[in-house]
Every structure is written in C-alpha cells, then in structure tokens.
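In what follows, a single structure is set out as structure tokens and then discussed.
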Amino acid sequence: MAMKSVSNFAIFLILFLVTSEISEIEAKDKECLKGYIDAPLSYCMARIYPSLCYRNCRFYKGAKGGKCDGLKCFCDFCSDKPF
C-alpha cells in the first residue's frame, strides 16, 4: 500500500513539473513573437530565403528576425533564425 502511494506521488510530481515547464516555454514565445500587423500576404507567400517577413521585420521593426505561420508574419525579438 505504501509503495502505491509513493508511485502516485511520483507521477503527480512529474506531471506538475512537465506542465510548469511547458507554460514557461509558451510564455517566452509570446514575449518574443509579435504579429506584424500591416504586413501584406506576399511577405509569407514568396518562396525565397530568407523570407520577406524575416527581412522586413529586421529592417522596419528592429527585430532580430521574422517567422511565417501560414500567411501571417510574426517578428521575432529573441532569435535571428529565419525559420
């Protein structure tokens, strides 16, 4: 009986630690990525490297980079990786 309660405690502890780390990662992404509101669709439609989203976020918004999610452009203020 004692072994079962220790196992249950260990499982709940692991789940708690995993969920707290995931929320911390999501919060960091929200701080880093800001939507480029006035970006035309062509910023993410053109298949060039690095994308127009990446280039214009760096030039006009002062970001380190930019990423496309579908046809939406997001300026990345934490990372300069073009993907």
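Including glycine, each Cβ sits where the backbone N, Cα and C put it.
Per Swiss-Prot, the features are:
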type	residues	note
SIGNAL	1-27	signal peptide
DISULFID	Cys32-Cys78	disulfide bond
DISULFID	Cys44-Cys68	disulfide bond
DISULFID	Cys53-Cys73	disulfide bond
DISULFID	Cys57-Cys75	disulfide bond
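Among the disulfide-bonded residues listed (Cys44, Cys53, Cys57, Cys68), Cys57 has its Cα nearest to the Cα of Cys78 (disulfide bond). Among the disulfide-bonded residues Cys32, Cys44, Cys53, Cys68, the ones whose Cα sits within 10 Å of the Cα of Cys75 (disulfide bond) are Cys32, Cys53, Cys68.
Distance from the CA of Cys32 (disulfide bond) to the CA of Cys53 (disulfide bond) is 15 Å. Cα spacing between Cys57 (disulfide bond) and Cys44 (disulfide bond): 12 Å, rounded to the nearest whole number. Long-range Cβ neighbours of Cys32 (disulfide bond) (same chain, at least 6 residues apart, Cβ-Cβ under 8 Å): Asp76, Phe77, Cys78, Ser79. Across the structure, Cys44 (disulfide bond) and Cys73 (disulfide bond) place their CA atoms 7 angstrom apart. Under 8 Å, Cβ to Cβ, and six or more positions away along its own chain, Cys73 (disulfide bond) finds Gly35, Tyr36, Ala39, Tyr43, Cys44, Cys53, Asn56, Cys57, Gly66, Lys67. Long-range Cβ neighbours of Cys68 (disulfide bond) (same chain, at least 6 residues apart, Cβ-Cβ under 8 Å): Tyr43, Cys44, Ser51, Cys53, Phe74. Secondary structure at Cys44 (disulfide bond), taken from DSSP and collapsed to helix, strand or coil, is helix. Summary: among the disulfide-bonded residues (Cys53, Cys78), the fewest other C-beta atoms within 10 A of the C-beta are counted at Cys78.
Looking only at other Cβ atoms within 10 Å, the busiest spot among the disulfide-bonded residues Cys44, Cys57, Cys75 turns out to be Cys57. In the three-state DSSP classification, Cys57 (disulfide bond) falls within a helix.
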